[in-house]
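Per TrEMBL, the feature domain 'ABC transmembrane type-2' maps to B:46-276. Summarising the annotation, TrEMBL assigns transmembrane segment to B:46-70, B:82-101, B:136-159, B:165-188, B:200-226, B:253-274.
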């Protein structure tokens, strides 16, 4: 397991403040400033007025389900996709006029790997380093360091297609670091990886974070957001639903604990009616009922006293999943 | 940290970005070409074998084999007063460029946009979409030139290029290959899915073009209602141009100018088209 994110490391933000940017600018100039960012494809607004700021060294997350507009936002911040409206500044530059300059300072890990499968592992780093105009000597040295960082030293001469999914991901991250970027953009970095591969990747990303690299990442995994993000926005249908630190969002939008009870899928909704008054709030899902409360065990006792006997029960801490459910009425992974 | 200091840090970061953008802005296309060369290196064998083997087979089969029939049965005047080998050699050279173009500007382009989206990867770096297109065209032009030079050397071995400026036929071939190639690249760039369009291009454009471009016999031997295929075909223009250089084929000077101008216009049009598609497609 990688170490848990030390949330108190950075100056605390008043996440409740809607004008969070103001308080950040006093701490240090933000690296990324997005204001009322809009991207339309015909009539469809993929991103519909998103505003956020990311401070240097901060690890900032965009959390939301598939199709929420996260990747589109990332491509605009990556100075690749042009915005339809709004203001955007990365390192004090406008992507419309300074695309190459901005991109020279970014490392980009796209949602699906686009390594060159016609080249070998190390060659992928060499050709990519060239794009930044770096001298061959520097690239070769960094390529070896990054292969070590990505735990791929042995694979330098291997064909890309012979790598596992996790290895390809790590190679993509190594490639994104070849220019020693100020900001690393990660779009769904661990989607499709098995748990072990995810943990290795989180560990690598956590090291970067410790070195002070600014991270901007999208994810629809709660545990990932909790592991890696100092601060995040919950995005749904192209708009921001909430903003804050993970702990802060949980405090604001959920209770401390959650009691999950199952009565069998055909009885859940029927039983739910008889649970009124128990817990702060309940959510009925197809397979289970969630009861939000400061003390899950106590609620379970009350349910049993009411003569209801769940097939299974589980008390857990609230997570960002609960925040999302509260904000949108939907679960993240459907 | 005071705000003054952090603003300074910000200015540093901005200045660093602007400095780092300089080289890629100037040399980006070349960086892409270097990448393509590295990919091509993995099939150097194919390039060399095809580059030498194909001309050998064609020159021998047509210029020597078929020529025995043609030269025995037709007066030299039928192919402009030279032996059939001399007549057909520059045309084969021009076709070789078309072959390279249809290899390099079709599936590799689809590959870069879609199947193994290396163009998307490049566009996340400081490279601009236009530089990606320029780099691809530049690298193919180099590969094409290598093929054409090899071909030309073989023609010399066969003693089939009598003119002292025969080496210029390499440039004629290059012009024709790029004229067809850039347009082909523009078209391939527009394809979101390959539902057989490229195979159709090979079958219904490349093949007829080789047959109706005066490669094996002069275009004038066709009925007039078929000759238009030759006039619009970049291959006919590059073939005729190569013949002018290779053995001093006599045609009015204005026609030679038309060949060059037509091919140049196609190159520019195809190039601009491919760049536009790249800007649109990679900037979505």
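Glycine residues also receive a Cβ, built from the backbone N, Cα and C atoms like all the rest.
Long-range Cβ contacts of the transmembrane segment (B:165-188) within its own chain (Cβ-Cβ under 8 Å, at least 6 residues beyond either end) map to 90, 93-94, 96-98, 100-102, 104-107, 109-110, 133, 136-137, 140-141, 144-145, 148-149, 151-152, 155-156, 198, 201, 209, 234-235, 237-239, 241-247, 259-260, 262-264, 266-267, 269-271, 273-274, 277. Residues 29-30, 32-33, 36-37, 40, 47-48, 50-52, 55-56, 59, 63-64, 85, 89-90, 92-93, 96-97, 100-101, 104-105, 108-109, 112, 166-167, 169-170, 173-174, 177-178, 181-182, 185, 246, 271, 274 of the same chain lie 6+ residues outside the transmembrane segment (B:136-159) yet bring a C-beta within less than 8 angstroms of a C-beta in it. When Cβ-Cβ distances under 8 Å to the transmembrane segment (B:200-226) are tallied for each of B:46-70, B:82-101, B:253-274, the top count falls to B:82-101.
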